[in-house]
Ligand code: LMR
């Protein structure tokens, strides 16, 4: 029996994400929370003949906390895509003022109603909202760093797609499993194409083409924001990415050696996190490949940081500098 709750289920990401979750046979209960339109989404999804039960929860007023509490009670995994998306010309950080308090309030609900749940954060700016959730859970004395995940999976998805487009005659997206480290915003996104399955093809590119490919991954979100022209940012590909991470987490309940990249808290309690923290200049959060288990993150695969080539090391330096500010902003939002 696995209960999954989506906070922001009626939004652009929440709806396709909920559809994908509804189709997952490992989920027995799908709980949908939102502040608008969620009864319709719940009724619609509820007609699908998969075996999971669907319930929707809509607060009756701004003060009503009971709908969130009921949606979260008993949840094993909570995914948060709630909040507002970017418009052309905005950075993810420009969303901070609106999304920070939305995410904080949802984290408070998690602390009160399902403190043991896995928590996956999609709401931007992820580099700051994940620290906000960590600090909120700490304040409530229920923080488990092994169960908090910033969703950076879309950066991996894009990295695989974009390199396959460069080598279109010779490869397909599923040939790759690119490691992407750092954070989830512009230059904090560092694809390590020199490692793993992409290494051979990547080494054939000119320096200029390598730079163009990396830039496309780092600013891939902007392509969608511009194409949607004021109607938001990536929803379908983000739903796919969030689902992929959730699916892997559920798979790791029964299978060993499931690995995903995620933006995590480099807490000493996680194997390899102390070593990772030293390599990233003491940052408390960083996206890295992790080994998953039924208890959460079992191990951080920090060795990718030492294996990255000289050009990637330079990108990492830039990422670290920006991340330090993003993380501090999130932490201070709660601690001040
Ligand atoms: C993305 O990477 O597409 C999302 O984080 C949404 C955005 O604002 O770019």
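Placement of Cβ uses the backbone N, Cα and C atoms for every residue, glycine included.
Automatic, uncurated: that is what TrEMBL annotation is.
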Q. Considering the NAD(+) binding residues 8, 9, 10, 11, 12, 13, 14, 34, 122, 123, 124, 238 given in TrEMBL, which of 97, 99, 144, 265 is annotated for that site as well?
A. 99
Q: Taking a cut-off of under 6 Å between Cβ and any atom of ligand 1, tell me which of the binding-site residues 14, 86, 92, 124 pass.
A: 86, 92, 124
Q) If you skip the near sequence neighbours and keep only those at least six away, which residues in the chain come within under 8 angstroms of residue 92 (substrate binding site), Cβ to Cβ? A) 86, 124, 125, 126, 127, 184, 185, 186, 221
Q: For residue 86 (substrate binding site), list the number of other Cβ atoms lying within 10 Å of its Cβ atom.
A: 21
**Q.** Rounded distance in angstrom between the Cα atoms of residue 123 (NAD(+) binding site) and residue 158 (substrate binding site)
**A.** 18
